[in-house]
Amino acid sequence: MSSTKQWDISKALAVATLFHFFHNVGKFCLMPFLTLYFRQLGLGASLVGIIIGFKHAVHLLWAPLCSFLAKSHRKRRFFIMASLLLSAGAGGLFAFYPPLDKNIVSLFCNTSMPWKEQLNPPIDISVFVDENISTTYATPTNHQTTNGEFNTFPSSVAEVAIDTTMASSLDMKTTTHQRFTDQFPSSSPLTRNKRLEHQTRKVLGSGKAQKANSSKSSASNSKQRSSLNNQTAPFATHPNVSHRPSIHERKVRDISIDFTDSFLDPKHKIFLIVLAMVIIWEILAAPLEWIADDSLYEYLDFVDATDRHGKLWIWGYLGASMGSIFITFLIDNLNCFVIFDIPRVSFHFFCYGGFLISTFFLSTLYPVHVSKKTEHSNKTVKALGFLGSDGRIVLTALTVFVLGAVGSTIQNFLFWQMQDIGSNELYMGLSIAAGLLSELALYFFRNKLLKTLTFKWMVVLGLLSLGIQFLYYSFLWTPWSVVAIQILNAFSSGVIWWAINSQVVDVASPGTERSLQLTLRWLAYGCGSSAGSFASGFIISRFSLAVLYQACCITLLTWIVIFLLVQPKLPNIKKINYSRLLAADNSDMSDSDEEQDRDWLVTAMKDENSNRKW
């Protein structure tokens, strides 16, 4: 930036406020509901957990690297604008590919209807019958013999499949909820196993009966088969007629087909496509927030107004609340399919792209400044090195890791739990807004809390509140019950991070507080969320959502006990280097004992005390 340019702080803050507001509106139109879209693609919890885990891992590595590479004003502006534009396009691509199955979309859409309309829903057998079976074996096959007569061969596979699916569909005719959980059994693996065992016995029984019937008719059909073989024998040696493969060839072919089908079945193909698309999307979107925050902070630091940087998150929370309510209200007032048979879930991506395009135009005016000092590029490295140098920071880092790991289960699968009990998306949006606004309301009492409670008890209060939330989630009974418990989010999220930020200010060396705070958030929402996403998906697949949330509650209670035992034993004395208070360049600061001994002001004070003779 030119030195002759006028520095308008009010205008810069106004643009930054609108930037963060619109970006969070667009972000919360889609991101909290992304796993619902993956579920409609037919992906299970374990596959969704892998996708989200890789998404967090890419952000963990790519965002700080891009921030390090963007060392000039032009590069930072380019990263911000390109990230907004390309991520909007990459997100909008999901609205068209991979395509959604209309039967699955209708099934999910039906769960959000009013309760009176769910009592006797129409049964569509095509939802439950496999497509290949219905098209290939649904009707008996007629074959004409050499005598001109028709023999009807029973399609036993189709009869068994239709019988079992009709039985299951009749069982599910009473309520839509039962029908929904049978098609997408994320929370009832025992029921699914029993039903599978019952259907297996039925298939085996029908197979034995079929075998007995076929043995009776084999004698009558043997003459027809022999005459048919005699008539077709002259054609067997024709070069254009393929011969029947040998037993060895059939075995090799069957093995290769089984391997290909098991590895590249439709579900895994969709999984690999979605995983690749999400990774590319995250590569495009990850640099935005980190670089934008660094640019604004260094801009305000240059004009000595960094105190105004800490309040921009309020506008981000307001935008997130408005975005979540807006998109869910819109979705619930749309039909299952709108013009051109576009499913209504696609409007999450359309609104995301639209608001990011609006933010793109604001980015042309976004305040960007790159400090000429070298200490800004070294602060992140110092913060990483500081994580292992102080026991209090190590304990805090482990706490935020646990917090990020268990918190990812709420972000990824809470709406699955709500969907299983028949919730529409409006309740989901209200739950997001309730949590954010409750944290925003408690913020005005933050200083009073910091004065009343110590760091230890604020962390315990936050972890205990989060544990209560998890226990509550495991026993959800109605959709609206989630909105009430989200009030505790003010303590489980807000109070913990306020306590951590205050601890960082007390422990970190001057000038590195913000870098250490960013590092801890990077550890929580990068490492912790990635590990939590990977683990939670497999836990849901093996057990259920309720078991997952109960396990998270037990984990938090266990960590509270560990925290209370370890925290009092850590040293609580901070070494103060007085000469750094007068230093003009923060890059020369050091917290080592050797530097403490060489402090000229401390040495002078010691000499003065030793020379006194009273």
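Cβ from N, Cα, C; glycine included.
Keep in mind it's a predicted model, so treat the numbers as computed, not measured.
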Range annotated as transmembrane segment in Swiss-Prot, from 100-120, 520-540: 520-540
Other parts of the chain folded back onto the transmembrane segment (520-540), taken as Cβ under 8 Å at six or more residues beyond its ends: 44-50, 52-57, 59-60, 63-64, 186-187, 396-397, 400-409, 411-413, 500, 504, 547-548, 551
Two-stretch contact, the transmembrane segment (425-445) and the transmembrane segment (312-332), at least three Cβ pairs under 8 Å: yes
CB contact flag for the transmembrane segment (345-365) and the transmembrane segment (393-413), at least three pairs under 8 A: no
Selection from 312-332, 393-413, 457-477, 480-500, 546-566, the stretch that has most Cβ pairs under 8 A to the transmembrane segment (41-61): 393-413
Stretch contact, the transmembrane segment (393-413) with the transmembrane segment (312-332), Cβ-Cβ under 8 Å, 3+ pairs: no
